[in-house]
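Feature list (source: Swiss-Prot):
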- 4-190: domain 'Flavodoxin-like' (DOMAIN)
- 10-15, 79-81, 114-119, HIS134: FMN binding site (BINDING)
- TYR12: NAD(+) binding site (BINDING)
- TRP99: substrate binding site (BINDING)
Amino acid sequence: MAKILVLYYSMYGHIETLASAIAEGAQKVDGVEVTIKRVPETMPADAFAKAGGKTDQKAPVATPQELADYHGIIFGTPTRFGNMAGQMRTFLDQTGGLWASGALYGKVASVFASTGTGGGQEHTITSTWTTLAHHGFIIVPIGYGATELFDVSQTRGGTPYGATTIAGGDGSRQPSAEELAIARFQGEHVAKITAKLAR
(Lines of atoms letter the chains of each structure in order from A and count residues from 1; the text may use other names and numbers.)
(Lines give C-alpha, C1' and ligand atoms only; values in the text may rest on other atoms or scores of the structure.)
Protein backbone atom coordinates (compact mmCIF):
# COMPACT_ATOMS: atom_id res chain seq x y z
CA MET A 1 0.00 0.00 0.00
CA ALA A 2 1.47 3.35 -1.08
CA LYS A 3 1.04 6.04 1.56
CA ILE A 4 0.52 9.63 0.44
CA LEU A 5 0.48 12.70 2.66
CA VAL A 6 -1.20 15.91 1.55
CA LEU A 7 0.59 18.43 3.76
CA TYR A 8 -0.54 22.04 3.70
CA TYR A 9 -0.62 25.44 5.33
CA SER A 10 -3.75 27.53 4.88
CA MET A 11 -4.59 30.81 6.56
CA TYR A 12 -7.91 31.64 4.92
CA GLY A 13 -9.02 28.21 3.69
CA HIS A 14 -8.11 28.35 -0.01
CA ILE A 15 -5.24 25.87 0.28
CA GLU A 16 -7.32 23.74 2.65
CA THR A 17 -9.98 23.47 -0.07
CA LEU A 18 -7.40 22.58 -2.72
CA ALA A 19 -5.88 20.00 -0.34
CA SER A 20 -9.25 18.25 -0.09
CA ALA A 21 -9.52 18.14 -3.88
CA ILE A 22 -5.94 16.83 -4.18
CA ALA A 23 -6.76 14.06 -1.69
CA GLU A 24 -9.98 13.24 -3.53
CA GLY A 25 -8.04 12.75 -6.75
CA ALA A 26 -5.37 10.64 -5.06
CA GLN A 27 -8.01 8.39 -3.49
CA LYS A 28 -9.18 7.35 -6.97
CA VAL A 29 -6.02 5.27 -7.35
CA ASP A 30 -6.11 1.66 -6.15
CA GLY A 31 -3.51 0.66 -3.60
CA VAL A 32 -3.07 4.15 -2.18
CA GLU A 33 -3.79 5.38 1.34
CA VAL A 34 -4.18 9.17 1.62
CA THR A 35 -3.75 11.32 4.74
CA ILE A 36 -4.32 15.08 5.01
CA LYS A 37 -2.36 17.05 7.62
CA ARG A 38 -1.31 20.65 8.13
CA VAL A 39 1.81 22.31 9.42
CA PRO A 40 1.69 24.14 12.76
CA GLU A 41 0.59 27.75 12.91
CA THR A 42 3.39 30.07 13.99
CA MET A 43 1.33 33.23 14.50
CA PRO A 44 0.05 33.95 18.01
CA ALA A 45 -3.60 32.84 18.26
CA ASP A 46 -4.92 36.36 18.85
CA ALA A 47 -3.01 37.77 15.86
CA PHE A 48 -4.22 34.89 13.67
CA ALA A 49 -7.84 35.50 14.67
CA LYS A 50 -7.51 39.28 14.23
CA ALA A 51 -6.17 38.72 10.71
CA GLY A 52 -9.26 36.66 9.87
CA GLY A 53 -7.47 33.31 9.86
CA LYS A 54 -9.59 30.18 9.50
CA THR A 55 -9.50 28.54 12.93
CA ASP A 56 -11.79 25.55 12.27
CA GLN A 57 -9.48 23.47 10.07
CA LYS A 58 -10.09 19.79 10.79
CA ALA A 59 -6.80 18.31 9.54
CA PRO A 60 -4.46 17.25 12.35
CA VAL A 61 -1.10 18.95 12.74
CA ALA A 62 1.92 17.08 11.36
CA THR A 63 5.40 16.70 12.81
CA PRO A 64 8.50 16.84 10.61
CA GLN A 65 9.64 13.36 11.68
CA GLU A 66 6.53 11.64 10.32
CA LEU A 67 7.30 12.67 6.72
CA ALA A 68 9.53 9.60 6.55
CA ASP A 69 6.44 7.38 6.96
CA TYR A 70 5.06 8.27 3.51
CA HIS A 71 5.98 7.22 -0.02
CA GLY A 72 4.75 10.51 -1.50
CA ILE A 73 4.04 14.00 -0.14
CA ILE A 74 2.02 16.71 -1.88
CA PHE A 75 2.81 20.09 -0.33
CA GLY A 76 0.36 23.02 -0.41
CA THR A 77 1.21 26.60 0.52
CA PRO A 78 -0.08 30.10 -0.09
CA THR A 79 2.30 32.55 -1.70
CA ARG A 80 4.09 35.04 0.51
CA PHE A 81 5.98 37.55 -1.62
CA GLY A 82 6.56 34.97 -4.33
CA ASN A 83 7.69 32.21 -1.98
CA MET A 84 6.16 29.61 0.32
CA ALA A 85 4.45 30.84 3.48
CA GLY A 86 6.66 31.23 6.55
CA GLN A 87 4.77 28.49 8.37
CA MET A 88 5.70 25.93 5.69
CA ARG A 89 9.26 27.28 5.60
CA THR A 90 9.56 26.90 9.38
CA PHE A 91 8.26 23.32 9.17
CA LEU A 92 10.65 22.33 6.38
CA ASP A 93 13.55 23.99 8.19
CA GLN A 94 13.05 21.37 10.92
CA THR A 95 13.76 18.46 8.54
CA GLY A 96 17.54 18.64 8.83
CA GLY A 97 17.69 15.32 10.65
CA LEU A 98 15.68 13.67 7.88
CA TRP A 99 18.08 15.17 5.34
CA ALA A 100 21.11 13.92 7.26
CA SER A 101 19.75 10.37 7.39
CA GLY A 102 18.47 10.39 3.80
CA ALA A 103 15.00 9.49 5.09
CA LEU A 104 13.19 11.37 2.30
CA TYR A 105 15.56 10.44 -0.53
CA GLY A 106 13.73 8.92 -3.51
CA LYS A 107 10.24 9.74 -2.24
CA VAL A 108 7.72 11.45 -4.53
CA ALA A 109 6.80 15.12 -4.05
CA SER A 110 4.56 17.66 -5.73
CA VAL A 111 3.43 21.19 -4.85
CA PHE A 112 0.26 23.29 -5.13
CA ALA A 113 -0.26 26.94 -4.21
CA SER A 114 -2.58 29.92 -3.79
CA THR A 115 -2.01 33.59 -4.56
CA GLY A 116 -3.97 36.78 -4.08
CA THR A 117 -3.70 38.11 -7.61
CA GLY A 118 -1.70 35.45 -9.42
CA GLY A 119 1.64 37.08 -8.69
CA GLY A 120 4.21 34.48 -7.80
CA GLN A 121 2.12 31.32 -8.04
CA GLU A 122 4.55 29.58 -10.39
CA HIS A 123 7.61 30.82 -8.53
CA THR A 124 6.17 29.65 -5.23
CA ILE A 125 5.94 26.11 -6.61
CA THR A 126 9.34 26.07 -8.31
CA SER A 127 11.14 27.69 -5.38
CA THR A 128 9.64 25.06 -3.07
CA TRP A 129 11.11 22.44 -5.41
CA THR A 130 14.59 23.68 -4.40
CA THR A 131 14.12 22.52 -0.82
CA LEU A 132 12.62 19.23 -2.00
CA ALA A 133 15.54 18.64 -4.38
CA HIS A 134 18.01 18.94 -1.50
CA HIS A 135 16.19 16.06 0.17
CA GLY A 136 16.36 14.00 -3.04
CA PHE A 137 12.61 13.91 -3.65
CA ILE A 138 11.41 12.84 -7.09
CA ILE A 139 9.50 15.99 -8.06
CA VAL A 140 6.32 15.47 -10.08
CA PRO A 141 4.78 18.41 -11.97
CA ILE A 142 1.46 18.01 -13.79
CA GLY A 143 2.46 19.30 -17.22
CA TYR A 144 -0.59 19.95 -19.38
CA GLY A 145 -2.30 16.67 -18.51
CA ALA A 146 -5.33 18.52 -17.10
CA THR A 147 -7.40 19.80 -20.03
CA GLU A 148 -8.60 22.74 -17.90
CA LEU A 149 -5.15 24.29 -18.27
CA PHE A 150 -5.97 25.10 -21.91
CA ASP A 151 -9.08 27.14 -21.04
CA VAL A 152 -8.35 30.86 -21.30
CA SER A 153 -11.98 31.99 -21.18
CA GLN A 154 -11.80 33.02 -17.53
CA THR A 155 -9.39 34.08 -14.84
CA ARG A 156 -8.14 31.01 -13.03
CA GLY A 157 -5.15 29.43 -11.40
CA GLY A 158 -3.42 26.29 -12.57
CA THR A 159 0.06 25.82 -14.01
CA PRO A 160 2.05 22.97 -15.57
CA TYR A 161 4.01 22.94 -12.30
CA GLY A 162 1.00 22.26 -10.08
CA ALA A 163 -2.53 23.29 -9.15
CA THR A 164 -3.11 26.85 -7.96
CA THR A 165 -5.98 29.15 -7.12
CA ILE A 166 -6.30 32.92 -7.26
CA ALA A 167 -7.90 34.12 -4.05
CA GLY A 168 -8.28 37.80 -4.92
CA GLY A 169 -6.65 40.68 -3.08
CA ASP A 170 -9.11 40.41 -0.19
CA GLY A 171 -9.30 36.61 -0.22
CA SER A 172 -12.97 36.60 -1.20
CA ARG A 173 -12.61 34.52 -4.37
CA GLN A 174 -12.90 30.80 -3.65
CA PRO A 175 -11.36 28.03 -5.80
CA SER A 176 -13.33 27.58 -9.02
CA ALA A 177 -14.63 24.30 -10.43
CA GLU A 178 -11.78 24.31 -12.95
CA GLU A 179 -9.14 24.94 -10.28
CA LEU A 180 -10.55 22.09 -8.20
CA ALA A 181 -10.54 19.80 -11.24
CA ILE A 182 -6.86 20.60 -11.81
CA ALA A 183 -6.17 19.83 -8.13
CA ARG A 184 -7.98 16.48 -8.40
CA PHE A 185 -5.93 15.72 -11.51
CA GLN A 186 -2.72 16.50 -9.63
CA GLY A 187 -3.68 14.22 -6.76
CA GLU A 188 -4.52 11.34 -9.07
CA HIS A 189 -1.41 11.86 -11.24
CA VAL A 190 0.95 11.92 -8.25
CA ALA A 191 -0.79 8.93 -6.66
CA LYS A 192 -0.39 6.83 -9.82
CA ILE A 193 3.33 7.57 -9.96
CA THR A 194 3.78 6.99 -6.23
CA ALA A 195 1.95 3.65 -6.40
CA LYS A 196 4.22 2.50 -9.25
CA LEU A 197 7.40 3.48 -7.42
CA ALA A 198 6.27 2.02 -4.09
CA ARG A 199 5.92 -1.52 -5.50
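Including glycine, each Cβ sits where the backbone N, Cα and C put it.
All features noted in Swiss-Prot, drawn onto the structure.
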residue : record                 : Cβ within 10 Å
SER10   : FMN binding site       : 24
TYR12   : FMN binding site       : 19
HIS14   : FMN binding site       : 27
THR79   : FMN binding site       : 24
PHE81   : FMN binding site       : 10
TRP99   : substrate binding site : 15
THR115  : FMN binding site       : 22
THR117  : FMN binding site       : 13
GLY119  : FMN binding site       : 13
Length of the line joining the Cα atoms of PHE81 (FMN binding site) and TRP99 (substrate binding site), in Å: 26
Rounded inter-Cα distance in Å - THR117 (FMN binding site), TRP99 (substrate binding site): 34
DSSP state at the residue listed as 'substrate binding site', helix/strand/coil: helix
Assigned element (helix, strand, coil) containing HIS14 (FMN binding site), judged by DSSP: helix
Arithmetic mean of per-residue pLDDT over the domain 'Flavodoxin-like' (4-190): 95
